[in-house]
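Heads up: the structure comes next, in structure tokens.
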Amino acid sequence: MFPTVTEFMNYGQQTVRAARYIGQGFMITLSHANRLPVTIQYPYEKLITSERFRGRIHFEFDKCIACEVCVRVCPIDLPVVDWKLETDIRKKRLLNYSIDFGICIFCGNCVEYCPTNCLSMTEEYELSTYDRHELNYNQIALGRLPMSIIDDYTIRTILNLPEIKT
């Protein structure tokens with residue numbers, strides 16, 4: 001007789017424990033019900049990137065002194081710098097500067113260590129193409145400033161600010 005009573009008590013304890021676990025899960029589900037959705041409708045809504053966002057690199061041809069510091073600090077030796085030594089003034093003259101964004105890891109070392117600040121990171125992150133050779137940008141393509149997301153009237157911008165808990 002006692003084994004049946006203890007089995008019945010164990011069954012009751014297990015039932016109460018299971019109901020408590022289901023209740024805890026249900027409370028978590030209800031706490032998420034009143035939050036705003038995380039998903040954005042991408043082509044029509046875009047997040048405003050932070051100031052420190054590392055997007056496409058912008059290059060200013062006139063400031064570059066062809067010192068090749070960007071090539072030396074790049075972990076994959078990516079920027080291609082072609083220059084010619086001007087013997088009469090004994091300075092390097094920049095001929096071509098290009099970066100292949102299909103290979104670039106967007107680490108930002110080239111921007112950080114550039115002595116003349118001719119490189120900067122932009123907020124542009126839409127670099128998708130159908131041909132990978134289109135990701136090889138020369139100094140003309142790198143010199144174009146991207147259109148700001150904030151200025152585009154066809155796109156609804158969403159601030160990407162962390163929630164402040166009070």
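Glycine is no exception: its Cβ is also placed from the backbone N, Cα and C atoms.
Note that this is a predicted model, so its numbers are computed, not measured.
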According to Swiss-Prot, which candidate in C67, C74 joins C104, C107, C110 at the [4Fe-4S] cluster 2 site: C74
Distal contacts, the domain '4Fe-4S ferredoxin-type 1' (55-84) - CB-CB under 8 A, six or more residues away: 49, 91-101, 103-107, 109-125, 127, 137, 139, 142-146
Neighbourhood of C110 ([4Fe-4S] cluster 2 binding site) by C-beta distance under 8 A, where only residues 6 or more apart in the same chain count: I57, V69, C70, V73, C74, P79, L119
Within the domain '4Fe-4S ferredoxin-type 2' (95-124), residues counted as helix, strand or coil by DSSP: 5 helix, 9 strand, 16 coil
Residue, out of the binding-site residues C64, C67, C70, C114, whose Cβ gathers the largest set of other Cβ atoms within 10 Å: C70
DSSP three-state assignment for C70 ([4Fe-4S] cluster 1 binding site): helix
Fewest other Cβ within 10 angstroms of its own Cβ, chosen from the binding-site residues C74, C104, C107: C107
